[in-house]
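Colleague: Checked TrEMBL, it gives:
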DOMAIN    232-447  domain 'Major facilitator superfamily (MFS) profile'
TRANSMEM  15-34  transmembrane segment
TRANSMEM  40-63  transmembrane segment
TRANSMEM  75-94  transmembrane segment
TRANSMEM  114-134  transmembrane segment
TRANSMEM  155-175  transmembrane segment
TRANSMEM  187-205  transmembrane segment
TRANSMEM  232-254  transmembrane segment
TRANSMEM  274-296  transmembrane segment
TRANSMEM  303-322  transmembrane segment
TRANSMEM  334-353  transmembrane segment
TRANSMEM  365-386  transmembrane segment
TRANSMEM  392-412  transmembrane segment
Amino acid sequence: MTILEINKKLLLMKMHYFIGIGGYAPFSPFMATIAKQRGYSAVIVGLIFMVQPIPGLFIRPVIGVITDKFKCRRSAFISSTIIIFISIWLLSIIPGTTSKAEINDLDVVKSPLFWLFFAAIILMAMCDTIKNVMEETICTSLLGVNKYLYGKQRLWGSLGFGIFAIISGACVDWYSKGQEYKNYTPAFTISLVCFFCDIIIVSNIEVIQNSSIKYVASDLTKILTKLKVRTFLLWAVLFGFLMAFITHFVFWYLEDLSTIFHPEKKSWMKTLQGMSVIMRCVSGEVLSFFLSSIILRYMDHKTVFSLSFFLFSVDFFLYSTIRNPVWALPIEVINGFTFGLSYSTAISYAAILAPTGSEGTLQGIVGTAICGIGTPIGSIVGGYMFKHLGSLATFKILPIIALILCIAQMTINQLTIRGRKNANVHSQCTLSIETTKTNVDDNNTKF
């Protein structure tokens with residue numbers, strides 16, 4: 001392939017990541033503050049984000065098995081994108097977008113508008129789960145033996161997310177000028193346009209799925225019984241747990257900083273949050289996704305997770321030290337690098353481990369560990385901590401938690417490596433004894 005020649009198969013995949021992931025940026029980073037503006041407490045918001053990924057706990061492995069067995073990845077990919085478009089439209093038209101005071105939790109759960117809001121989020125999350133499994137499976141299949149290049153495809157999603165976040169954040173601030181509350185109509189409009197375009201793109205992506213290869217569940221079972229795979233899934237769960245605080249509670253924390261220390265910045269808070277996202281995605285995630293192929297050549301996947309947990313500790317510590325929300329911008333670079341490195345490691349390692357024909361199933365299991373187990377636990381824990389300890393105290397505790405997880409993960413890794421070495425030595429000794437015994441028996445026979 002010449003320098004100017006374009007791989008058209010991967011070009012469409014890059015366009016999908018840019019539009020399909022970027023389409024969430026206008027509203028997804030602001031969901032916690034959107035819910036807060038509706039009068040929902042931190043506990044209610046935490047419950048929403050806890051329940052949101054739970055359907056994915058069952059959908060991810062099931063959709064992987066179904067699409068592997070019945071060879072229907074294309075249909076699942078297109079259908080999920082269409083339903084996401086409908087879900088976002090539903091979110092944009094639900095009334096009751098503002099409340100002057102925080103509503104009592106019992107009154108919230110009795111409100112039909114809350115359940116409509118909740119249902120739209122759950123429907124979108126379910127279909128996003130399907131879309132996520134399909135896009136990762138299809139992308140790694142298109143890469144063939146070059147699965148370590150996954151990060152160079154996925155970085156376009158981070159680029160799109162960052163660009164659309166800053167555009168939509170600025171549009172929301174401009175559209176809400178002079179109003180007491182933020183009006184998110186421009187954000188939802190931009191998102192709907194993105195997903196309409198994405199439906200067209202995913203309909204034209206080539207899906208490689210060999211119909212002659214049979215799905216064999218026993219091959220996958222053998223993989224999942226290995227200790228290294230089980231510990232890898234545990235680290236994926238913990239990664240999801242820590243990411244829940246970044247994804248769902250950082251903007252809440254920044255708004256509290258603005259309210260307490262810098263109220264003059266509240267008028268352009270959405271622009272600042274959009275700038276925060278673009279710093280995270282463009283400066284951090286894009287760089288880490290690009291470098292992940294190089295890093296994974298020289299570091300094993302578990303060591304990369306150790307580095308990620310340490311960086312999480314650094315992220316949370318830096319957040320806990322600031323009083324001006326503007327200083328979150330440089331911190332987001334480290335934050336984005338941490339996410340991109342961890343995520344590309346998880347996806348590429350799952351693609352390497354997966355038996356032929358079971359790629360979608362294993363991607364679904366890894367996604368379940370991150371988003372179906374780790375993120376819900378982090379969401380409800382985060383909501384509880386914000387409600388009872390406050391956002392500032394929570395972010396002082398988080399660096400300690402992340403550092404403890406880092407030390408524990410490194411310790412378990414070393415114990416696992418030593419155990420594997422001892423097992424190899426034992427098997428080699430056993431083989432040597434058996435070989436010696438066989439030679440002696442042969443000599444006795446000759447004698």
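Using N, Cα and C of the backbone, Cβ positions are placed for all residues, glycine too.
Predicted automatically and left uncurated, TrEMBL annotations should be read as such.
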Colleague: Hey, which bits of the same chain come close to the transmembrane segment (334-353), Cβ under 8 Å, at least six residues off its ends?
Modeller: 136, 140, 147-148, 150-151, 154-155, 158, 223, 229, 232, 236, 239, 243, 246, 279-289, 291-292, 295-296, 301, 304-305, 307-308, 311-312, 314-315, 318, 359, 362-363, 365-366, 370
Colleague: I'd like to know if the transmembrane segment (232-254) touches the transmembrane segment (187-205) in this structure, counting it as a touch only when three or more C-beta pairs sit under 8 Å and are separated by 6 or more positions.
Modeller: no
Colleague: For the domain 'Major facilitator superfamily (MFS) profile' (232-447), what's the mean pLDDT in this predicted model?
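Modeller: Mean model confidence (pLDDT) across the domain 'Major facilitator superfamily (MFS) profile' (232-447) is 84.
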Colleague: Are the transmembrane segment (40-63) and the transmembrane segment (392-412) close enough to be called in contact, which here means at least 3 C-beta pairs under 8 A that are separated by 6 or more residues?
Modeller: no
Colleague: What residues elsewhere in the chain lie close to the transmembrane segment (114-134), defined as a C-beta under 8 angstroms and at least 6 residues from its ends?
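Modeller: Beyond its ends, the transmembrane segment (114-134) has Cβ neighbours at 20, 31, 35, 38, 40, 48, 51-53, 55-56, 59-60, 63-64, 67, 73, 76-77, 79-81, 83-84, 87-88, 90-91, 94, 96, 108, 360, 363-364, 367, 371-372.
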Colleague: Have the transmembrane segment (15-34) and the transmembrane segment (365-386) got at least three CB pairs under 8 Å, pairs 6 or more apart in sequence?
Modeller: no
Colleague: Which bits of the chain, at least 6 residues beyond where the transmembrane segment (365-386) starts or stops, bring a Cβ under 8 A of a Cβ in it?
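Modeller: Result: 42-54, 56-58, 60-61, 64, 129, 132-133, 136, 224, 233-234, 236-245, 247-249, 252, 343, 346-347, 350, 393-394, 397.
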